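Step one of this worksheet: look at the structure below.
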Amino acid sequence: MTTQEHTNPKSKDFIRTIIANDLSSGKHSTVTTRFPPEPNGFLHIGHAKSICLNFGVASENNGTCHLRFDDTNPSKEEEAYVEAIKTDVAWLGFNWGDNLFFASNYFEKLYSYAVELIKMGKAYVCDLSPDEMRTYRGTLTEPGKDSPYRNRSAEENLTLFEQMKAGEFADGSRVLRAKIDMSSGNINMRDPVLYRILRATHHRTGDTWCIYPMYDYTHCLSDAIEAITHSLCTLEFADHRPLYDWVLDTLKTPCHPQQIEFARLNLTYTVMSKRKLLQLVNEEYVSGWDDPRMLTISGLRRRGYTPASIRTFCDTIGLAKRESRVDMAVLENCIRNDLNDNAPRAMAVLKPLKVLITNYPEDQEEELVIANHPKNPEMGSRTVPFCREIYIEQDDFLEDPPKKFFRLAPGREVRLRAAYLVTCDEVIKDENGNIKELHCSYDPASRGGSAPDGRKVKGTLHWVSARHALQAEVRLYDRLFNIENPEIDKDVDFKTHLNPNSLEVLSECMLEPNLSTATSSDHFQFERLGYFCPDSKDSLPGKPVFNHTVTLRDTWDKVLKK
Ligand code: ATP
Ligand code: MG
């Protein structure tokens, strides 16, 4: 799939307006953007916003978008994350073509730029300890103090920097700093660190380096090296923009990309930072990065979200310059709308109650034809077996029902979807008084579900033939956190807000037999229950395990959660 296939004309947000102006004024003739993940975790729905933006504006303008791994912190980064990120970006429907880059590919270049800065008197080796450096840096209200090492000669700095690279000093004992302004109102400009000493094996460069460039220094230069035109990032980098510009201006790089900030995505009922998601994984609150309750791309995929629904979501929320928290219901609506149109229907009984149809011949079986979609005949139909014993949902029967209960009750008649009208004659109980089974009788003349005499039957139940049922595990999910903003109080661990009931496993569900061949790329509406898909990890051939993707309606559904 190419990015071109799913670009639609969008109303122009502030970034698209800037880009359109740059093209019409001749400032740029092409658009080159980049998505720059750090391979220290899996991508989440927030990253999807950045991916859709960067790949989107590039393709809308026939430009290119680079996938660049920002791999400057070997102690936290892994090759496995690189592969997972590539899988996720491609799955979302975006194609970086030949434009796959790694900041680590620029380590040599970055080193020579640093040497240049030293020669210009714009960078120096500093021996302050991290604690001392913090004290010297000052605060938001007080200026910093110059480091005693600030006025080393370029020659001395060059020698020391070379020695740093050669591994002659201990980790953390020295750094290379930019020489900017210790009294700047912007703390990022108070002689920020450019290089640190760190003996850690890098996932690509191995042990070649024991000094690593810092993010702020690496990012702007990587953008410049790749001739990025518009460097789109989240708001927290606005205060770093003067440094971004300082590095490129001081080095007079031939290309000086424009950094533009937009608000990051926050969603209700979840946390979004990789550091926090990693805690949930490591401390086993979830089964992994791709746990279907996680708002990671891989979690959403496993949950049953489609790439189109995530792209629609990113279009829907738009771009803003102020942070806000988007309601999870907006995301759920996007997948619900997609699946409502595109998911075939199926019948599944999650909490089964046996029904014996006493006047249906014991050795008889029949195949009923049911449309796969109520509004789309192109989706065809399927046959579903029917016999004397069926399962209905426990919730669809009440012994002593209120007036408006239109489901089954003693003496009441209901429609079995696409099958027959049945009336409940007898309730069979076990020795403890629990309902074990219902005895019903059917109207043989009502095949297909309507009575020949036109009598009105309000309730329609889904059902599954007991003889043919596929017994399966179905996993129901609720929100991972039980408050809208789990990070609301900085003094309270966000994990105290985890919802202890976010996963419910139902292992005795009875499904229509057609579902035995379902695979993880399939999606279904289980009639009257919600949308479901086979789990990509735990399903076996012929024995799928189903995940609940989303409820049928925009309410945290009462049918499922009793
Ligand atoms: P996190 O805060 O989750 O650790 P990050 O910013 O450290 O995320 P990166 O891998 O550095 O993660 O992010 C890659 C790109 O994705 C960056 O350009 C970043 O601005 C963007 N991004 C990250 N989180 C969000 C978000 N919630 N909304 C929009 N863009 C995001
Ligand atoms: Mg980051």
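Glycine too: its Cβ is placed from the backbone N, Cα and C atoms.
From a predicted model like this one, the values you see are computed outputs, not experimental measurements.
What TrEMBL lists as ATP binding site is 38-40, 44-50, THR234, 264-265, 272-274. In sequence order, PHE35, PRO37, ASP88, ILE297 constitute the residues six or more apart from HIS47 (ATP binding site) in its chain with CB-CB distances below 8 Å.
TrEMBL lists ASP70, TYR215 with the feature L-glutamine binding site. Cβ neighbours of ASP70 (L-glutamine binding site) (same chain, under 8 Å, six or more residues apart in sequence): PRO36, PRO37, GLU38, PRO39, ALA103, TYR215, THR218, HIS219, SER222.
On the 0 to 100 pLDDT scale, the domain 'Glutamyl/glutaminyl-tRNA synthetase class Ib catalytic' (31-340) averages 97 in the predicted structure. TrEMBL lists 31-340 with the feature domain 'Glutamyl/glutaminyl-tRNA synthetase class Ib catalytic'.
As annotated by TrEMBL, domain 'Glutamyl/glutaminyl-tRNA synthetase class Ib anti-codon binding' applies to 343-443.
Annotation comment: TrEMBL describes 460-535 as domain 'tRNA synthetases class I (E and Q) anti-codon binding'.
Counting residues 6+ beyond its ends, the motif ''KMSKS' region' (271-275) has Cβ neighbours under 8 Å at 40-42, 44-46, 264-265, 295, 481, 486-487, 494 in the same chain. According to TrEMBL, the feature motif ''KMSKS' region' maps to 271-275.
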One finds that other Cβ atoms within 10 Å of the Cβ of THR234 (ATP binding site) number exactly 15
Those binding-site residues among GLU38, ASN40, ILE45, HIS47, ASP70, LEU265 lining ligand 2, judged by a Cβ under 6 Å from any of its atoms, are GLU38
